[in-house]
Every structure is written in C-alpha cells, then in structure tokens.
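Student: Sharing the record's features from TrEMBL:
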BINDING   Glu21, Asn23, Glu32  Ca(2+) binding site
BINDING   His80, His206, His210  Zn(2+) binding site
TRANSMEM  33-51  transmembrane segment
TRANSMEM  63-83  transmembrane segment
TRANSMEM  120-137  transmembrane segment
TRANSMEM  172-192  transmembrane segment
TRANSMEM  207-227  transmembrane segment
Amino acid sequence: MAESMVSSFWGPVTSTTELCEENYAHSSYIAEFYNTISNIPCIILALIGLINALRQRFEKRFSILHISNMILAIGNIVFHATLQHVVQQSDETPMIWEMLLYLYVLYSPDWHYRSTMPTFLFLYAAGFAITHSLLRLDVLFKVQYILLCLLCVPRMYKYYIHTKDSGAKRIAKFYVATFFLGGLCWLVDHFFCKKLSSWYINPQGHAWWHVFMGFNSYLANTFLMFCRAQQLGWNPQVAHLFGLFPYVRIEKAKTQ
C-alpha cells in the first residue's frame, strides 16, 4: 500500500508486489511490519524440526527441508521489511526451490534412476533462478508455484491412505486445514484490500497466511518424516513437544 508519513530507511518502494498493509506505519526500518514479523513462527518451527531430524539422525533430505523453510522465511522477512525490487527474488525463488525439494522427498523413494531426479531438479531450480532474475515474470512464477504444489497432492494423498497411525493421519488433516485457512486469508487480503483498509483494524490477512503456512510446512515435514520412517522400518510414533507440537519419535534397529 501507499507509504505513510514515516520516513523510509530503505528508500522508495520498488517491488512489483505490494500487499494490504500500510508501509512504514510502525518503523522507518520495516516497510510491512506485520508481514515481516509473521515469518518468525515458521523459523521457530523449522528449527524444532531440524533439531529433531539431526538428533534422531533422519536422512539428510529432511534436515535440508527444514533449513529450506528457514531460508524461505528469512527471505520473506527481508523482502517485506524492504519492499525492494532487488530482494524480491529472495522471497519468490526460494518458494520454487522449496517445492522442488518436496517433490524430491515425495517421489524419490520409488524413483529407479536415482541420479536423474536430483540432476533434473537442480537444473530446473538453477534455470528458474536465472530466468526469474532476468525477466521477473510474476504471472509465470505464480503459475509454476501452483503447478508444483498440485504435483505434490497425489503423492501426499497416497501416503495418507496408506498410513494407519491415527496420530499421523491427524497431522495430515491439520496440514490440509492450515493450507486452506492460510489460502483463505491470502484470498481475502488480496481481493478485498480496499475494503479491509477502511476498517479501524486491518486483519492483516497476508500476515496470517505466513503464520498458517509456517505451521503448514512444519506439519508437512513431520508427516513426511513419519511416512519415510515407516518405509525404513524405524517404528515411528507421534509425540508432542510441550503437549502441542507434534514430532516423530523413532526406534532404529541396533545395526542402524
């Protein structure tokens, strides 16, 4: 949205994307205050997931997945704090990279040619980063992101129907719920921005999208860790940190 009277540390807004929050309303150092701080839960949850993955020696792919969640959140913070065109890619490119990682984690267990998938995904990721930095086609970015998300759906559903554990199924249901709630917040914020801006208190729909998607990523990672542990015969169980946050506890065979 248009800038407030507060002077801007980062200079004029140059990004091609602006959201339904008044710029520099709370600080001259943060363009979109709520859209910036709403990424903090994602970082904390990803850190919890990373510690669990390292402590129990899950496959490296899950550590990388949690780290990618943190990188995405940090890139999001930088973008929303500055609204500079030069850092807009730090928000958008990691979103594509993260979805490519999810595709690898989802499909690689049954992929017979092990070197082809990571090679293709790496080349795709590099090609997108270069193309997006040069052309900056917002519509192409959004279409690719949606298509990559849709490619994950069949595999996630397959894992869900083959999982008998009620705790794991509950995680999957919360994963779906957070996705739809976050999507609803994004849609309302995007299409009803003018009306929302006239309210005494802006509900900050895009900030809630960040919060819900932070939980969504954590729940997706946790569910995938459970399914992978099942495939490897690690006897996974769903436990809860502080009685709230689900995580996977495993029992590997002594030879492992």
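Here the Cβ of each residue, glycine as well, is placed from N, Cα and C on the backbone.
Just so you know, TrEMBL annotations never went through curation; they're auto-generated.
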Student: The transmembrane segment (120-137): which same-chain residues, six or more beyond its ends, come within Cβ distance under 8 Å?
Tutor: 16, 85, 88-89, 92-93, 96-97, 100, 103-104, 144
Student: I'm trying to understand the geometry here, so how far is the Cα atom of Glu32 (Ca(2+) binding site) from the Cα atom of His206 (Zn(2+) binding site), in Å to the nearest whole number?
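Tutor: Here the two Cα atoms lie 10 Å apart.
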Student: Quick one: pull the CA-CA distance for His80 (Zn(2+) binding site) versus Glu21 (Ca(2+) binding site), whole Å only.
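Tutor: That comes out at 10 Å between the alpha carbons.
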Student: Give me the Cα-Cα distance between Asn23 (Ca(2+) binding site) and His210 (Zn(2+) binding site), rounded to a whole Å.
Tutor: 18
Student: Any idea what the Cα distance is from Glu21 (Ca(2+) binding site) over to His206 (Zn(2+) binding site), rounded to a whole Å?
Tutor: 9
Student: I'd like the Cβ neighbour count for His210 (Zn(2+) binding site), meaning other Cβ atoms within 10 Å of its Cβ, all protein chains included.
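Tutor: The answer is 25.
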Student: Drop a 10 Å sphere on every Cβ of the binding-site residues Asn23, His80, His206 and tell me which sphere holds the fewest other Cβ atoms.
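Tutor: Output over binding-site residues Asn23, His80, His206: least Cβ neighbours within 10 Å is Asn23.
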Student: Among the binding-site residues listed here (Glu21, Glu32), identify the one with the smallest other-Cβ count within 10 Å.
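Tutor: Fewest other Cβ atoms within 10 Å, among the binding-site residues Glu21, Glu32, is found for Glu21.
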